[in-house]
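Scroll down for the structure; my scribbles are underneath it.
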Amino acid sequence: MPAYASYGSPSLNKMENGYGHGGRSSFSLGRIFGDPFALSTISIGSLAWVIAFVSSILSALRPKPEERVPPFAWWTLVYMLFSIVGVSITVASDSERTYHVAVVGFTAAGIVLSSSAVNALVYSPVAANEAAAAGFILLSMIAIVWVFYYGSQPQASHRTFVDSYALHKEQPASRSSRQMSNNYGAPQQSSLAPQPQLYTSAQLNGFETSSPVSGYPGGPIGGDARGSSIPRFGGGMGQTPTNDVEQQPQEQSIEYPYRAKAIYSYEANPDDANEISFQKHDILEVSDVSGRWWQAKKPNGETGIAPSNYLILL
């Protein structure tokens, strides 16, 4: 089998050079304003931080040292400020799934710090200290909510309900998420059992060999010779090119048991009639997931092959 030198698609080559798998996503404050959960928690957390900060300044102006906020409360304010900013950046860059473990870890530590500050200030007779304690209580409550939200799977019922109000988030499927394979350079394992495989056109230059019609590279014999006067090996063995009417029942018999979400936009190669274009966050139905090119169907019924490293199974 020849080496996998290229996919033959300019967009896919860009991903291999680091323009796709780096996970770069545009920063947009609209994602925060379009997500009621993120907007409310970040707003309340910011307001609580301001209350605690201003009250701590007033407390520090007290003449008696025992009436002032403890020194570790200032570190708690700095820590919670960076936690709020970090969550805001994560939501605005649409990278919550990437950094949800870090968010849980940092906010969990923030619960300990803010709770300790509350314990040191809430029983103080000084009004400024009590106000600071109120701000730290709100901060600890927001941190608990974040740990509960980001520490849960996207398929959790409470998280699905919260995400349903966000404008930029898709609903997760009932099937558990599976990680996509990064073994793009390895040759595919052939199977003798008859099962639906990926469409592989002749313009892929033989890089992919599986086909939903037969085991020959590029599909059935003479399948890609329509409209071409160039003879090919095996073309005179009684095989006749199939027309669109004969192919239609076969395409309708293909089942699409999987669902995948587009993590990047993809523009089909104009020289490949089998490829399909799609946008980021589009949900596609997939017939088979064993190769690097998946046979997929868009919501409008359009079918074709799509690069697997642009999709993630739901």
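The count begins at 1 with the first shown residue.
Using the three backbone atoms N, Cα and C, a Cβ is placed for every residue, glycine included.
Sequence annotations record features per position, and here TrEMBL assigns transmembrane segment to 37-60 (among others).
Within the chain, the transmembrane segment (72-93) has long-range Cβ neighbours (under 8 A, six or more residues past its boundaries) at 25-29, 31-32, 35, 38, 41-42, 45-46, 49, 52-53, 56, 99, 102-103, 106-107, 109-110, 113-114, 116-117, 120-121, 132, 136, 139, 143, 146. The transmembrane segment annotation in TrEMBL covers 72-93 (among others).
Feature annotation from TrEMBL assigns transmembrane segment to 99-124 (among others).
Beyond the ends of the transmembrane segment (131-151), by six or more residues, the same chain brings 37, 41, 44-45, 47-53, 55-56, 58-59, 69, 73, 76, 80, 83, 87, 96, 100, 103-104, 107-108, 110-111, 114-115, 117-118, 121-122, 124, 158-159, 162 to within a C-beta distance below 8 angstroms of the stretch. The feature transmembrane segment is assigned by TrEMBL to 131-151 (among others).
What TrEMBL records for 172-192 (among others) is region 'Disordered'.
What TrEMBL lists as compositional bias 'Polar residues' is 173-185 (among others).
Per TrEMBL, the feature region 'Disordered' maps to 209-250 (among others).
Residues annotated as compositional bias 'Gly residues' in TrEMBL: 216-225.
The compositional bias 'Polar residues' annotation in TrEMBL covers 239-250 (among others).
Under the heading domain 'SH3', TrEMBL lists 255-314.
Confidence for the domain 'SH3' (255-314), expressed as mean pLDDT, is 88.
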